[in-house]
Structure formats: structure tokens, C-alpha cells
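What Swiss-Prot says about this one:
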- Gly10, Ala11, Gly12, Lys13, Gly14, Thr15, Arg127, Ala200: ATP binding site (BINDING)
- 30-59: region 'NMP' (REGION)
- Thr31, Arg36, Gln57, Leu58, Val59, Gly85, Phe86, Pro87, Arg88, Gln92, Arg161, Arg172: AMP binding site (BINDING)
- 126-164: region 'LID' (REGION)
- Cys130, Cys133, Cys150, Cys153: Zn(2+) binding site (BINDING)
Amino acid sequence: MNVIFLGPPGAGKGTQSKRLEARYGIAQISTGDMLRAEVAAESAIGKQARALMDAGQLVPDDVIVAMLESRIAQPDCAKGFILDGFPRTQGQAVALDSMLKRRGARIDVVLFLEVDEEALADRIAGRFTCATCGAGYNDLFKKPKVEGTCDVCGGHSFVRREDDRRETVAARLVAYRKQTAPILPYYEAEGLLRRIDGMADIDTVTAKVFEIMDAITKK
């Protein structure tokens, strides 16, 4: 089962991807992590990407797709994979489909988390994490049980991401609307797109994701 998660930044794609991975045994793939791993391993593709990044250039789609092809050939992807954060453009979507077709594979479903952008901005701006263990919290709906103390490790230091500031979030949402949102019709035309209310609580969203996945796997 090969899955793509789509949705604006902060919609909960990472959280739901991890839950999907745990339930169905399919590997979650972060293109950012994948890129860093190839560079660290000094593979041929990694060296090419490193040279581009050192020159201040973006890594082109064909290099990313080549890395992805190498990644999905790994044993942990035998049952399938989950893509979180890729593709981001229609060009990437087309390149991904072409690569998978060459391998005799395909995308089985595209899960789109729909959210209200104003509420989403509030949600993102409220995020903070434990500086010690990385446990996540939110000012709006998930504060530590004891104020100033991490529920998981008991730490007392918390951090907020610089790009979670409201003005930064607004810029990220604008970029998303211009770049990524237009690929929704592409997958809708393929009959792969499934829309999910991303504003529901996390467990409700997970239940809907599992419902969709179970229906597909039973076909």
C-alpha cells in the first residue's frame, strides 16, 4: 500500500503518518530526512545533492525522485510506503508516477487533510515542545498536566519553532496555496483523493484515516 499525505503545514500529516506506519507496517518517508541521509552516506546521488546545496541551489525534482526510488527499494518498504511532504508540485507528482510505473508500482490513495487556515494558524502558533525529550504540546488543546513540567520526562524547559510564529505561518500557507494545492485536482482526476476533516481532534482524524485504509486493503 503506497500512500501520500497532503495538507497545509501544521495540518497533522506527520502525526497521522506515524500512526499509519504503526498500524499497517508501511514505512513513513520524509524527503527531508532521506536527503540528509543520502548526503551523509556520500552516495552518488547524495554527492550531487550536496554540490547543489553548497552552491545555494535547490535540489531538482529528478534528483529527489532518484533518491526516493533508492529509498523505496529498501526492505522496510516491502509492504509499501507513506509520503509526507512530497510531492509538492504537479511536476513532482508526474515524475513520481512515472518512476513508480517503471517499477511496476503505483500510488494507492492520497489522503488530504482539510483545515480552516485561520484556525490552523492559531493551532501552529500554539505549538511547543519539551527541550529534553521532544514531546509535543499546544497552548490551545494539549498543555502539560502540570504547568511547566513535561508529562513524559519531567523536564522544565520548552521551546517553540521559529517558523511557527504567526507571520511565518501566514507566509507558509500562501506558498502552500500557490505551489501545492493545485496538485489536488491531479489526484482527484485519478480517483485517488480522499478528503478528511483535519480540524477534528487527532483521534477522530486517525479513525477516519484507518476507515479509508481498511476499505482499500479489503478490496
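Heads up, the Cβ atoms here are built off N, Cα and C, so glycines get one too.
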Problem set entry | Under 8 Å by Cβ from Gly14 (ATP binding site), counting only residues of that chain that are 6 or more apart | Asp84
For this session: Please find which two of Gly10, Ala11, Gly12, Lys13, Gly14, Thr15, Arg127, Ala200 have the most distant C-alpha atoms, given that the record lists them as binding ATP, and give only that distance in angstrom, rounded to a whole number.
Result: 17
For this session: Mind tallying the region 'NMP' (30-59) by DSSP state, helix then strand then coil?
Result: 22 helix, 1 strand, 7 coil
For this session: Could you please provide the mean pLDDT value for the region 'NMP' (30-59)?
Result: 82
Exercise. Relative to the Cβ of Arg88 (AMP binding site), which residues of the same chain, six or more apart in sequence, are found under 8 Å away?
Worked result: Gln179, Thr180, Ile183
For this session: Among the binding-site residues listed here (Thr15, Thr31, Gln57), identify the one with the smallest other-Cβ count within 10 Å.
Result: Gln57
